[in-house]
Each structure stands twice: as C-alpha cells, then as structure tokens.
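S.K.: Following this message is one structure expressed as structure tokens.
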Amino acid sequence: MKALSKLKAEEGIWMTDVPQPELGHNDIMIKIRKTAICGTDVHIYNWDEWSQKTIPVPMVVGHEYVGEVVAIGQEVKGFTVGDRVSGEGHITCGHCRNCRGGRTHLCRNTTGVGVNRPGSFAEYLVIPAFNAFKIPDNISDELASIFDPFGNAVHTALSFDLVGEDVLVSGAGPIGIMAAAVCKHVGARHVVITDVNEYRLDLARKMGVTRAVNVSKENLNDVMAELGMTEGFDVGLEMSGAPPAFRTLLNAMNHGGRIAMLGIPPSDMSIDWNQVIFKGLFIKGIYGREMFETWYKMAALIQSGLDLTPIITHRFTIDQFQQGFDAMRSGQSGKVVLSWD
C-alpha cells in the first residue's frame, strides 16, 4: 500500500510502498479517507532534536485522520464494517494504575500512532478497537480528520469553569485558535489571544475571539484597559511553548487564576515563581485528550453549533503532500488536510 514514511535520518518525508498492516484479535482496520498534518509531523519532517531522539527510521507517520472500518478482529465488539471513525492516537497499556483507575490519558506506558508505531499517512491503518471513535453522521470528514488536535484544544479549554470568565490564550497556532473558539462557544466573556504571526491572528479573528493581539505591536495592558478589565485574566491557556509568552501570561493573570499548559518549551524555561506563589495561581499540565470524555465533548460542541471550518485553510490530494508540508512549514496556514479518496 502507499504510505508517507520517514525513510532517512534527514529532513524530508517520502512516499513509498509498505506492506498492509496485520489485523490483531482486538484491532480494527481503517481505510483512510482524509488525514491532517500535525505540528508533530512537521517536527518529524524537519528531523529536529526531538525527532532524532524519538522516531525510529523507517516509520509511517501521521495520526490525524478519518476513515472507514474495513475489517474487524474476532474479539471486537461495538464496531461494524462500514463505520466511519477517527481514533485516539495514544495507545495505552491497560494495566498501569492510571489505566485501571480510568485515567487512561495519564498512562505512563503510552505509545503514539505515527510516532512509535505505524501511522495514518497510509491507505490503511490498524489500531486497537478501544482507540476508535465513531463519527456522528452530521459531522463532515474534514472536521473529523482534525479531531485529534481539536481534542487537545478541548481538553485544555475545558480544564476550568469558563462561564463569564476572561480568558487569555498565548499562541495562535491552530490548536490555540480552536481552544479560544471553544472558550467563546461555552460562555467565556472576553477571550484574548496573543501571537506575533499576523496571518494566524487574522485566522483567530475569523473564529470569533474578542481580541487578537500582536504583542510585537500592541501592549496587552492597553488591551485589558480597552476591555474594561481591572483585575487580570481568570483563566490562561498557554499554547505557544514560548517562554516570553508564558511570562507575559503570568503577569496578566488575576490572583487565584487558573492556567492550563499545552505548549511545549524547546528547553528548560525560567519563570518568576513569586508570580505563582503570591498570586495563588493553579497550573495544570495538559497531555493529549481524556479518553474518551474529550471525544464526546468534541462531537457535542460541533453538533451544538461550534464552527471550526475556518481553521482548515489548505486542502490537497495525498499526491500533493509536499505542498501540504510546505504550507504547514511556512507558518501561513491553519490546518492542512490531505485527501486519500
């Protein structure tokens, strides 16, 4: 079958032929319809320090997808051939304390689809049936293909009560923008997003944020005054991984504020811990999605009217994958979707 693979320990990604994956007793086989390019895939393409330490070569990459079930293992219940599914990209062990306690997103033995095992940039994908999620009929293939990153956004945004709260989102990448849109949809008052990339700030404006602030040109304190905010933000979502952005967020938080962190800093990061201590801030680390509460909330948010379509800015066939990666690497894109149909 055709697959996009990391074939060499250098920059790039290559289309190749690989054997069709084998189906286990508890697995389902998915014929891929659409895949989306993740920031992780860009890291793998660039062959940065993280990728060199993490990715075995060769490896079929990709973990954002939607497809159709075409085969089912003999022990599988709850799925039938023809079901339209996406799936949780974190494969968990099932026997550690967190798995057995129902906190599977905190499994210490997690492996990643398209990272540690063959991924979804292929004609067919095999995953444990436990990881599959049926897509409701009224949700499009395109939106379903970005459920993985949308789940990061939902998990981060819904970590705290948002109704009537003022929210600061640092980092206007696709996940940050989707998180901001979730906050507005569920009842936050002011949702302010910061970045230095004007293209993505414009995208955030299209998604309905209260203010999209280019911090290289505009002072956040002035924006807060403009909005009539006198005490700081109640909730902070750190989506950038940029130390200066996190420090700005800490400065802008109200006393007793709550912060969810999804962005991954490139190296050790120093902050003024006095801000955390004397403001009584609560900081929560976010990894992946809650299985499967986040997934049900994703579907419900879209069904209740949350419009994510503006976040998908580029569409290509799988044979145009290089154009897709070029768009993602340029920083002048939202989500990029590749069609296998």
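Numbering starts at 1 and runs along the chain as it is shown here.
Each residue, glycine too, has its Cβ placed from N, Cα and C.
Sharing the record's features from Swiss-Prot:
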type     : residues                                       : note
ACT_SITE : T40                                            : active site, charge relay system
ACT_SITE : H43                                            : active site, charge relay system
BINDING  : C38, H63, E64                                  : Zn(2+) 1 binding site
BINDING  : C93, C96, C99, C107                            : Zn(2+) 2 binding site
BINDING  : I175, D195, R200, L262, G263, I264, I286, Y287 : NAD(+) binding site
S.K.: Could you find out if DSSP has Y287 (NAD(+) binding site) as helix, strand or coil?
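M.R.: For Y287 (NAD(+) binding site) - judged by DSSP and reduced to three states - the answer is coil.
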S.K.: CB neighbours of C38 (Zn(2+) 1 binding site) within 10 A?
M.R.: 25
S.K.: Which Cβ among the binding-site residues (E64, D195) has the fewest C-beta neighbours inside 10 Å?
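M.R.: Relative to the other binding-site residues in E64, D195, D195 has the fewest Cβ atoms within 10 Å.
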S.K.: Determine which residues of this chain, when C93, C96, C99, C107 are set aside, have a Cβ within 8 Å of the centroid of the Zn(2+) 2 site's Cβ atoms, and list them as they appear in the sequence.
M.R.: T92, G94, H95, R97, N98, R100, T104, R108, N109, T110
S.K.: Expressed to the nearest Å, what is the distance separating R200 (NAD(+) binding site) and C107 (Zn(2+) 2 binding site) at their Cα atoms?
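M.R.: So the alpha carbons of R200 (NAD(+) binding site) and C107 (Zn(2+) 2 binding site) sit roughly 33 Å from each other.
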S.K.: I need the CA-to-CA distance for C99 (Zn(2+) 2 binding site) versus I264 (NAD(+) binding site), whole Å please.
M.R.: 24
S.K.: Starting from each candidate's C-beta and looking 10 angstroms out, tell me which of the binding-site residues C99, I264 has the most other C-beta atoms.
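M.R.: For the binding-site residues C99, I264, the Cβ with the most other Cβ atoms within 10 Å is C99.
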S.K.: Which is it, of C93, C107, I175, L262: the one of these binding-site residues whose Cβ has the most other Cβ atoms within 10 Å?
M.R.: I175
S.K.: Output the one of C96, I286 that, of all these binding-site residues, has the highest number of other Cβ atoms within 10 Å of its Cβ.
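M.R.: It comes out as I286.
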S.K.: Could you measure between T40 (active site, charge relay system) and D195 (NAD(+) binding site) for me? Cα positions, answer in whole angstrom.
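M.R.: A Cα-Cα distance of 20 Å.
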S.K.: Where the record says I175, D195, R200, L262, G263, I264, I286, Y287 bind NAD(+), what is the longest distance in Å from one Cα to another among those residues?
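M.R.: Taking every pair among I175, D195, R200, L262, G263, I264, I286, Y287, the longest Cα gap is 23 Å.
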S.K.: Please tell me which one of the recorded positions listed here (H43, I264, I286, Y287) sits closest to C93 (Zn(2+) 2 binding site), measuring Cα to Cα?
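M.R.: Closest by Cα distance to C93 (Zn(2+) 2 binding site) among the recorded positions H43, I264, I286, Y287: Y287.
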S.K.: H43 (active site, charge relay system): which of the binding-site residues I175, L262, I264, Y287 is the nearest Cα neighbour?
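M.R.: For H43 (active site, charge relay system), the spatially nearest of the binding-site residues is I264.
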S.K.: Suppose we draw a 10 Å sphere around the Cβ of Y287 (NAD(+) binding site). How many other Cβ atoms does it contain, all chains included?
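M.R.: So the number of other Cβ atoms within 10 Å of Y287 (NAD(+) binding site) is 13.
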